[in-house]
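I have placed the structure first, in the form of structure tokens, so that the comments after it can refer back to it.
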Amino acid sequence: MGSSVGEGAKLQPSRAGSRLCVRCGERKAALKRPKTLEQICRECFYVVFEDEIHQTIANNSLFKAGDRVAIGASGGKDSTVLAYVLSELNRRYNYGLDLFLLSVDEGITGYRDDSLETVKRNEIQYGLPLKIVSYKDLYGWTMDDIVKAIGLKNNCTFCGVFRRQALDRGAALLKADKIVTGHNADDIAETVLLNILRGDIARLSRCTFITTGEDGPIPRCKPFKYTYEKEIVMYAYFKKLDYFSTECIYSPNAYRGFAREFIKDLERMRPRAILDIIKSGENFRISTTTRMPEQGTCERCGYISSQKLCKACVLLDGLNRGLPKLGIGRTKVGAGAERNTSSLQGKHGNFDF
């Protein structure tokens, strides 16, 4: 089970003492919920954790009966808990879904090969069919090869772009109607901050959507949109789920890591801060005069793109030509772009406050 016990042990509150659960008033409290700071027993924690996810699914009409749903499975805590809970809720509430596990093998020796072994065990444990697609088969490159060519500075750019397209291609092979991912509330709050810092209005306008890609090949859903990362770890720990907990060996200096640390600091001071940031992202309104990228298709591979060539084809072209940094760079704002003191200039337009 990787090092899941150690990770969960750090989060297991041992100071609940002899207090009774504030939910049932019968059993001893076993933990303090990071999200609400309630002292509750394990049984009540399972109930509220699963019920909140069910309410998120029902209130947002994420699925309909008969949908074929591909669960993005990395073997980590988020996707493992997602596969387990979605399987349970599908049976309990009769969603009528056909569930599949879909994994991407990026070709990272000592990391992804180990985590895929966990996914293969999950396939047996949860009785869900597994499909694995690899960078090597799709692009002719592994991440190990890419890192040798590009170094450790921009490698996450390649992996993020390739992984997104690989999930879509894998889901298409499964004839899936939806893809679900384990992105949690912490992840979404981080993304809101990152898009503000980057001035990326196009992504900021959609990063809090619970369903994205409805204009693309296969929509993606985030049932964990309002679920805290700490509670996912607690659930996995108490349920003794089998998951892989090692960080990617190529991402210790990823830009997102700085936003993650900031979010954790805010959460320590005020647990509600994570949901507040998500709410703020939902309430952003983009100026009607802002030009947004127009969705089209890549001339080379047919994948969705706002440019003639999609980002994956541009990056792949650079790798194949021996110019790996060719597709990496920031889009510059035109010299004639006017500055407005009441707005924040971004690479695609302005935020209006």
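All residue numbers here begin at 1 and follow the chain in the order shown.
Keep in mind that glycine also has a Cβ here, set from the backbone N, Cα and C atoms.
Per TrEMBL, the features are as follows:
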type	residues	note
DOMAIN	69-253	domain 'tRNA(Ile)-lysidine/2-thiocytidine synthase N-terminal'
BINDING	GLY72, ALA73, SER74, ASP78, VAL104, GLY182, ASP187	ATP binding site
DOMAIN	296-326	domain 'Cytoplasmic tRNA 2-thiolation protein 1 C-terminal'
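Figure note: comparing Cβ neighbours within 10 Å for the binding-site residues ALA73, VAL104, the maximum is reached by ALA73. The DSSP breakdown of the domain 'Cytoplasmic tRNA 2-thiolation protein 1 C-terminal' (296-326) into helical (H, G, I), extended (E, B) and coil residues amounts to 10 helix, 4 strand, 17 coil. Outside the domain 'Cytoplasmic tRNA 2-thiolation protein 1 C-terminal' (296-326) by six or more residues, the chain places 139-141, 146, 149-150, 154, 157-158, 161-162, 165, 168, 213, 215-217 with a CB less than 8 A from a CB of the stretch. Summarising the environment of ASP78 (ATP binding site), the number of other Cβ atoms within 10 Å of its Cβ, over all protein chains shown, is 23. For SER74 (ATP binding site), other Cβ atoms within 10 Å of its Cβ number 22. Of all Cβ atoms in the protein chains displayed, 22 besides its own lie within 10 Å of the Cβ of GLY72 (ATP binding site). Long-range C-beta contacts of GLY182 (ATP binding site), restricted to its own chain and to partners at least six residues apart, with a cutoff below 8 Å, comprise GLY72, SER74, GLY76, ASP78, SER79, VAL81, LEU82, PHE224, ILE232. A mean pLDDT of 94 is what the model gives for the domain 'tRNA(Ile)-lysidine/2-thiocytidine synthase N-terminal' (69-253). Of all Cα pairs drawn from GLY72, ALA73, SER74, ASP78, VAL104, GLY182, ASP187, which the record names as binding ATP, the longest spans 19 Å. Just so you know, the Cβ of ASP187 (ATP binding site) picks up 20 other Cβ atoms within 10 Å once every protein chain is counted.
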